[in-house]
C-alpha cells in the first residue's frame with residue numbers, strides 16, 4: 001500500500017513539474033532577491049528554472065534583476081486585482097511550490113500565466129527606457145507621422161526588446177525537451193502567455209509632455225509608452241471571467257485546442273483557455289487549492305463579488321467596529337505647506353463566518 005501511495009505521489013509531482021513548472025520563476029522573489037547577478041555561476045543557485053532558462057540567465061545576467069522585479073510585481077498585481085474575489089491569488093506566494101489552483105490547468109492558472117508573461121515583458125521594456133539595462137535603450141521612434149502640434153521625442157518603452165526577451169524566458173519551459181507535462185498543458189500555457197503579451201501590446205499608447213510659455217502647451221513632445229500593470233491586469237481579469245474551457249483533440253493532421261462546449265470553431269487568439277473547472281473556493285480544501293473565505297473581509301453594501309452574500313457563500317458574516325486615525329481639517333499656508341489635525345473615526349467592518 002505504501003508503495004502504491006509513493007507511486008501516486010511521484011506521478012503527481014511529475015505532472016505538476018510540466019504544468020506549474022513554467023511559472024516557477026515567480027519563486028525568484030525568494031532566492032533571487034539575495035543574488036548579486038555578477039557571476040554566471042549564480043544561475044545554478046536558482047530553483048525552478050529549466051536548463052534553457054538557466055542558459056538565458058548565464059547569457060543575460062544583467063537582465064535577471066528585471067526578472068526578479070517582474071516576479072514581485074506579478075505577485076503583487078495579481079493579489080490586488082483579485083482582492084475582491086473568493087479566489088484572491090494568495091496562493092501565488094507559494095511559488096515555486098504551487099497548490100492545485102495553479103498547477104492543474106485551471107482558469108486561475110490561465111490568468112497567472114498571462115499576467116506573468118505580460119509583466120516580465122513590461123518590466124524589461126520599462127527597464128530599457130529608464131537606462132537600467134546596458135543591452136537596450138529607448139524604444140524606436142514611431143514610423144507614423146506626428147500629428148499637428150506635437151513631435152516625437154522623449155524615451156519610449158522598448159516594447160520590441162521586452163517582448164523578445166520576455167517570451168524567450170517564460171515560454172522556455174513549454175518548449176524544453178526536458179520538461180514534463182502533457183502536450184495539452186504545454187499548448188494552453190503557451191497560448192495564455194501569448195494572450196498576456198497581446199494585451200500588453202494593445203496597451204501601448206501615445207504619451208505627451210507640454211512645452212511652452214506659462215504652460216501654454218504650444219508644442220508637445222510625445223512618445224510611445226505602456227500603460228501601468230493594474231490596467232493590463234484588469235484587462236486580463238475580464239478575459240479570466242470569460243475564459244474558455246478547452247479540450248485537446250485531433251483535427252485533421254494535427255492536435256489542437258478547441259472549445260469544449262462549442263468545438264465547431266478553433267480557440268480565439270484573444271481568449272484565455274483552461275482545461276479543468278475550478279471549485280467555488282468557498283470552503284477550505286487543500287486538495288483543490290482552496291483557502292476558503294472564512295474570516296475574509298466583505299462589503300455589506302456591495303452587490304459585486306466582494307459583497308458579504310457572495311464572498312461568504314451564504315454562511316453569513318460577523319460585524320465588528322474599528323477606530324481609525326486620519327488627517328482632517330487641513331489648512332494650506334502660503335507658502336507652501338499644509339497643516340492637518342488628526343481625527344478619530346469609528347467604522348464598522350464585516351468578516352465572513
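Any Cβ shown, glycine's included, is placed from N, Cα and C.
Looking up 31, 97 in Swiss-Prot shows the N-linked glycosylation site annotation sitting on 31. Its Cβ placed at the centre, residue 78 (disulfide bond) has 27 other Cβ atoms within 10 Å. Comparing Cα positions, residue 299 (N-linked glycosylation site) lies closest to 352 out of the disulfide-bonded residues 78, 128, 155, 336, 352.
Annotation for the glycosylation sites 38, 88, 299: lowest Cβ count within 10 Å of the residue's own Cβ, 38. Between the CA atoms of residue 335 (disulfide bond) and residue 38 (N-linked glycosylation site) there is a gap of 48 Å. Counting other Cβ atoms within 10 Å of each Cβ, the disulfide-bonded residues 89, 312, 328 show the lowest value at 328.
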